[in-house]
Amino acid sequence: MVDILPHPSFLGDMGDHSKKKSGIAMCVGCGSQIHDQYILRVSPDLEWHAACLKCAECSQYLDETCTCFVRDGKTYCKRDYVRLFGIKCAKCNIGFCSSDLVMRARDNVYHMECFRCSVCSRHLLPGDEFSLRDEELLCRADHGLLMERASAGSPISPGNIHSSRPLHIPEPVPVRQPPHRNHVHKQSEKTTRVRTVLNEKQLHTLRTCYNANPRPDALMKEQLVEMTGLSPRVIRVWFQNKRCKDKKKSILMKQLQQQQHNDKTNLQGLTGTPLVAGSPIRHDTTVQGNPVEVQTYQPPWKALSEFALQSDLDQPAFQQLVSFSESGSLGNSSGSDVTSLSSQLPDTPNSMVPSPVET
C-alpha cells in the first residue's frame, strides 16, 4: 500500500505525534533522508521521495493516479508487471487478454489456436485425448507412434516422428510391360477374394466364445456355424486372427512395461502422460502480487481553512494562525502568540478533527 503523507515538520505541534511514531524517514530509492512536504509510503514500511518512486522498467512515476506492484524490492507499473511476470501461453509465449478463452494442460496455459499437436498440428478439441511430453502436446495417434518407436529401441522424441511420416506420395507412373506368354500371365494373376463383413450380433457371439475358450473344438465350431450363419472357414480364420492380435498386443505391452521400468531405473524416463482436453475456460487476469492502494491525507491547515469559511471566526486572527501553520513556525518560540490567538477561537467540535481521506 502507498500512503501519501505530509512530512511531520510541516505539521508543527499537530505533527508531533506522527513524528514520534515514524521517526526519521529514509528514502528506499536514493537512500537519503526525506525532507519533502509529502512522503510516499509503500506497504508495509517502504518510504520514498515523490521523485524516486517510479517503475523500474519504463521509469513512469507512480502515485495515487496509477497502480504499482512491488517485486524483489523493485516497483513496477501494472503494464510492465503483467508483461514481465504475468501468465503467458506455453506455445507462443504471448500474454492473454481478459476476453481470451484458454486451454490448460497441467500447469501450462494455451491460447485456443495454440492448443495443437506439435507433430501434425492438428487442433485439439474438447474431448480429444492427448499427451504432454517434454512440454509438447501430442495427439493420440502421434503418441501411439512414439510408443511404437520406443518399443523398437529407437530414440524417442517428438521431433523424430516427422521422419517416419510420408511427406509426399508420388503419382503412379505407367510403365510399358513386355509381352508375356499366356500361361505366365495367368499364373501372375491372383484370385480375388470376397471380404466377409460381420455384423454386431455375429461379432458378439464370436467374442463371447473366444473369451470362454480361445481354441474351440470341432463341436463348438459347428455350433458357431449354426448360431452365426458363417462358414467354417470364416470362423476358423477369425479365431486365428484374434489369437494372433492378442499375442502381438501382449508382447507389445510387456515391451512397454520393460521400457518404462528401465527408464525409471536409469532416471531417463520421459513417458508422456495421457490426458483429455477439457472445455475452454475464461482467462483469469488476476496477477500475482499485491496491488498498491493509495491514500491521501489532507493537511491540517486546509481543514481549518474550510472550517473557518463555514463559521463566524475573526478572519484577521484566523489568517495569522493559518500563516503560522503553513510556514511551520508554530513551535515553542511562538507559543505565547498561539495562546493569545487560540483564546479568540471558539471551541472546535471533535467531529471537525481532520482525518485521512481515502481516494
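Quick reminder: no glycine exception, Cβ is built from N, Cα and C everywhere.
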Range among 131-190, 191-250, 251-310 that Swiss-Prot annotates as DNA-binding region: 191-250
The domain 'LIM zinc-binding 2' (30-143): DSSP-derived helix, strand, coil residue counts: 12 helix, 41 strand, 61 coil
Residues in the DNA-binding region (191-250) grouped by DSSP into helix, strand and remaining coil: 43 helix, 0 strand, 17 coil
